[in-house]
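Asker: Structure in C-alpha cells, see below.
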C-alpha cells in the first residue's frame, strides 16, 4: 500500500517530502491529498506558478514560493521528522534545511484546512490550459 501511495504522489508531481506532506494534509484536512489537492486549480501539481483561482489554489502558490527559497534540498527525495501532537504539526527536524522544508509543508497543510470553504470540486482536476501566468512575486 505504501508503494502505491508513493507512486501515485510521484505521478501527479506533488512537491515536498511526499510521505510527510501527504500525512500532514490528511491530518489537517481529513481529505485524501492525492485526490483532493494534487491537480487542484492552477498551482497544485508540477507546473510553475500561475495566477491563483481561489484561496485553496493560493495555498499551493505559496507552497511553491516557500520551496523556491530552500537551498540544497531535494523536495522529492529528502525526508524530515515531524509529529502530530494535540492536533498540531510539530516539525522536530534538527537539520535546519530539512526543518525549513517541514515548515513549508506544515504551512500548506494548515492553509488547506483554513481554506476548505473555498474548495471548488470543479477545480479538483484542472488541466491548467486556461491558467494565466502571473507576475505576482512570492
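Quick reminder: no glycine exception, Cβ is built from N, Cα and C everywhere.
Keep in mind that this is a model prediction, so the values were computed, not measured.
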Asker: Labelled region 'Important for membrane-damaging activities in eukaryotes and bacteria' by Swiss-Prot, one stretch among 108-120, 121-133. Can you tell me which?
Answerer: 121-133
Asker: Can you figure out which of 44, 60, 66, 138 (the disulfide-bonded residues) comes closest in space to residue 128 (site 'Cationic membrane-docking site (MDoS)'), comparing Cα atoms?
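Answerer: The smallest Cα gap between residue 128 (site 'Cationic membrane-docking site (MDoS)') and any of the disulfide-bonded residues is with 44.
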Asker: Looking at Cβ-Cβ distances, which residues of the chain lie under 8 angstroms from residue 111 (disulfide bond) while being 6 or more apart from it?
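Answerer: Listed in sequence order, they are 55, 58, 59, 62, 63.
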